[in-house]
Each structure stands twice: as structure tokens, then as C-alpha cells.
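K.L.:
From TrEMBL, here are the annotated features:
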- Asp317: active site, proton acceptor (ACT_SITE)
- Lys23, Ser24, Arg28, Ser169, Gln171, Asp317, Lys344: 3-phosphoshikimate binding site (BINDING)
- Lys23, Gly96, Arg124, Gln171, Arg348, Arg390: phosphoenolpyruvate binding site (BINDING)
- 9-424: domain 'Enolpyruvate transferase' (DOMAIN)
Amino acid sequence: MTQSLTLTASGGLRGEITVPGDKSISHRSIMLGSLAEGTTRVHGFLEGEDNLSTLKAFQAMGVDIIRHAGGMLEIQGRGLHGLREPGDVLDCGNSGTTMRLMTGLLAAQRFFTVLTGDQYLRRRPMKRVVEPLSLMGARIWGRDGGERAPLAINGSALQGIEYRSAIASAQVKSALLLAGLYAQGETSVYEPHLSRDHSERMLAFFGADLRTRDGGVTLSPQPRLEGREVQVPGDISSAAFFLVAALIVPGSELLVRNVGINPTRSGVIDILQQMGGDLRLLDERNLSGEPVADILVRGSSLRGIVIGGDLVTRAIDEFPVISVAAALAEGTTLIRDAQELRVKETDRIAAMVKELCVLGARVEGLEDGMRIEGVADLQGGRVGSHGDHRIAMSMAVAALRARAPVTIEDIGCTATSFPNFWQLLEQVRK
Ligand code: S3P
């Protein structure tokens, strides 16, 4: 039985919240902490299902990781060559980041592994990492000629590569950099737009030797990584649901504390400001090599805009909730260059078009985006999550401006990235 929830429209959202830790940074802290020498302590680790998949995979490879209360992890690093062959298949659950980054790392180990995932992850494209890793000498097999998991990986000696990726993907870039730690010679990755650079920042923080220039990053192999204290900032992708919620509900005033505002991730702030949203960054500071701020947001009248190019890469996970903002903005919003949305946890263009239309929005799907005509208010109805955490939470935000109750089906998936989403939403609605 899947769980459903019915929400009604809300008055102004008020108060202060802290959203859970960044998902991308939490994954990388386990990976690099495990490969480092000595102890790594991670503060503010996101205890969502995706990150727990990564945590269990590293435990299965012999890494001692202790979970303390309040999202604190203590990892006893085993060094670059200390991982052990796991006794069973590694289950990545719903997490594309776990599967793709680990494919790079495991391709270079001296043992055999099999990676699998849930029904959604087993449908997602894997050749984007399998192909360039094969050029480095990796031996990886998968269904559909290596395109789909389960993936079987026979670790081997790798050579460095200079790779020009056709897509801007942090998962591709990071998989190659993790493989490149073990390769003979340097590994360089170029991408059409700079995707999130958490791997580069954290590798440098742990002591790796890498340089960035001309839209590319180059890593020197065989570094000695050293255990660190990692402070994980709040996830801007989780904050985004509350930013949009506060903007679209008149009379709202909400402070979201301690949010990561890395420029490769902060496209959602630029987009919402361009739409006329009253969003202010307060107390900007630095946490373990990542920029952070508190964000003050007030209810605003939004207007439609055109979104394309590198702004899409900088806001890639926020389009479900950006489309909710656009559905209630004045005029037309056009989203282009966003074909990657079709291969996320679900096809997010198809899913948002279908569910927003149920609520009376005027949305049309394009091959690489959406055209959205704003309406004054949404209507009630029954909508689905498509098993995708970000679709479920976006529909919850939409419900705050619906004239009648909205029932969201299959909401359990929010635990993937935001286990306390529903409690926080109740807290700020009061
Ligand atoms: C992620 C990279 C992005 C993003 C995903 C997390 C990461 O995917 O959509 O949620 O942690 O590296 P792509 O690299 O495929 O764009």
C-alpha cells in the first residue's frame, strides 16, 4: 500500500527553518572520507535514503562508519587502496549519484562488484559513464549493451583520459575523477557548461591535486587524501520547495537558514529573482570550502521569463518546483535546453505536465522543456508522485494555492532526499 496525503490551501508561511544537509555533498563526504587516511567527521550529513545507500555500500566494502545522533558521521578512512570486495551485490536504491560515481570508483579497484538499484534507477542511462570509463580501460557490463543496471564491474588498471562530455553532468565528471585518482597519468574532463563542482571542491579539501581552467578540470593521480571535518550545508534543492511556497502564498515571510549557495547550484535563486521574487541572501559565509547563506523570502507577484543555457544546468533539480512557480506567474514561462529532465528519477517534463494539468495549470511539454501560461489559482484534484521525491514535494507546494483539496499519491519517496519535509511544511503553515 502506498501512502497518500491530502493538503489544502494555506495562509502565509511564516517562521524560520533549517533544511537537511546537501545530498550531493553528503554522498561525496562518505566516498572521500572512506578513501582518505585517518578519521573524517561529517556534520550535518543528510540521512535520506539515497545517502544511506552510499553509506551501506561503503560499509559493505569494509569501511567503519559510525552514525551519531543529529546527522554526525565518523568514518575511519581506509586509504586509496583499502576497500575490500563486498560479499554481495551493492544496492544503490533510487540514487543515480551512488551508482554513477561508484561505477567510476569501482572500475579502478582490484576486485569485482555488481551494482543494482530500484525499478526507476534500473531504467536510467548508464552509458554516459560506462563509455568514457571504458576508454580509460574499465571493464563494465550491463543490460542493454551496458546502458542499464545491474552493472557488473571487474576492476582493472586505468589510464588517464582527456574527455569532452557532450552533456553537462556532475555525475559523469565525478565518476571520471574518482577513476582518475587511480589512473596512470592525468585525467581531464571538459563539459559544455560547468555542472555542480562539489567533487572538485571536496577533492581539493581532502588534499588532491587538481586544477580548473577553460571549462575543464584536470586531476593528478595517486594523491594522499587526508581525513577532514566536513560541515555539510543545507541543500538548496530542498530549500527550493520552501522558497517557491513562500513566494506563491501571499503574506508569507520565511527565513531558511544555512543554505548552500555554490554558484553551480544557485540558479534557482537567479530564476526566482528574475521572475520578480523577493529573495534576499543574508550573512554569506564559507563552510568546508562551500559558500553558504541564510535566505529571506517574502510572498511576491511573479512574472513569466525565458530560461535556457547554463542557467538550466545551475538549477537542474529545481525545475519541478520552478514549474509550479511559473504555473502561478503572470504571463508565459519558456524553459528550453532542459532535455536532461527526461532522464532524471522519472521523466520530469512528462510528469509535471501531466500533474499540473490535473490541477488546471496551462502547461505544454516540449522535447527539451516546457511552455507554461500562468493562471490565477490552481484547482483541486488527485495527483501522483511518479515515485519521484521532487515531483511529490512540488505537488505539495502547488496544493498551497489550490481552490480545493489536493491528494498526492505515493508520498513515501520524499524520504529519498528530505525525510522531514512534511513536518517542516506543517510547522511553517501554522
Ligand atoms: C548530482 C548531479 C546531477 C543532479 C543529481 C545529483 C550529483 O545529475 O541532477 O540530483 O550529486 O552529482 P547529473 O550530473 O546527471 O546532471
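Glycine residues also receive a Cβ, built from the backbone N, Cα and C atoms like all the rest.
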K.L.:
List, in residue order, those recorded positions out of Arg124, Ser169, Gln171, Asp317, Arg348 with a Cβ under 6 Å from any atom belonging to ligand 1.
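P.N.:
Among Arg124, Ser169, Gln171, Asp317, Arg348, near ligand 1: Ser169, Gln171, Asp317.
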K.L.:
Using Arg390 (phosphoenolpyruvate binding site) as the reference point, find which of the binding-site residues Ser24, Arg28, Ser169 has the shortest Cα-to-Cα distance to it.
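P.N.:
Closest candidate to Arg390 (phosphoenolpyruvate binding site), judged by Cα separation, is Ser24.
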K.L.:
Could you check which of these binding-site residues, Lys23, Ser24, Arg28, Gln171, Lys344, sit within 10 Å of Arg124 (phosphoenolpyruvate binding site), going Cα to Cα?
P.N.:
Lys344
K.L.:
If you count Cβ atoms within 10 Å of each one, which of the binding-site residues Ser24, Ser169, Gln171 comes out on top?
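P.N.:
Neighbour-count leader: Ser24.
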K.L.:
Of Lys23, Arg390, the binding-site residues given in the record, which has the fewest other CB atoms within 10 A of its CB?
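P.N.:
Sparsest of the binding-site residues Lys23, Arg390 by Cβ contacts within 10 Å: Lys23.
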K.L.:
Excluding near sequence neighbours, so keeping only residues 6 or more apart in the same chain, what lies with its CB under 8 A of Lys344 (3-phosphoshikimate binding site)?
P.N.:
Gly96, Asp317, Asp388, Arg390
K.L.:
Using the alpha carbons only, what distance in Å do you get between Lys23 (3-phosphoshikimate binding site) and Arg348 (phosphoenolpyruvate binding site) once rounded?
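P.N.:
With distance taken Cα to Cα, Arg348 (phosphoenolpyruvate binding site) is 19 Å from Lys23 (3-phosphoshikimate binding site).
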K.L.:
Counting other Cβ atoms within 10 Å of each residue's Cβ, which of the binding-site residues Arg28, Arg124, Arg348 comes out lowest?
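P.N.:
So among Arg28, Arg124, Arg348, the binding-site residues given, the one with the fewest Cβ atoms within 10 Å is Arg124.
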K.L.:
Return only the integer: C-alpha distance in Å from Arg28 (3-phosphoshikimate binding site) to Arg348 (phosphoenolpyruvate binding site).
P.N.:
25
K.L.:
For Gly96 (phosphoenolpyruvate binding site), list the number of other Cβ atoms lying within 10 Å of its Cβ atom.
P.N.:
21
K.L.:
Under a three-state reduction of DSSP output, how is Lys344 (3-phosphoshikimate binding site) classified: helix, strand, or coil?
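P.N.:
Once the DSSP labels are grouped into three classes, Lys344 (3-phosphoshikimate binding site) ends up as coil.
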K.L.:
Does DSSP put the residue listed as 'active site, proton acceptor' in a helix, in a strand, or in coil?
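P.N.:
The residue listed as 'active site, proton acceptor' sits in a helix per DSSP.
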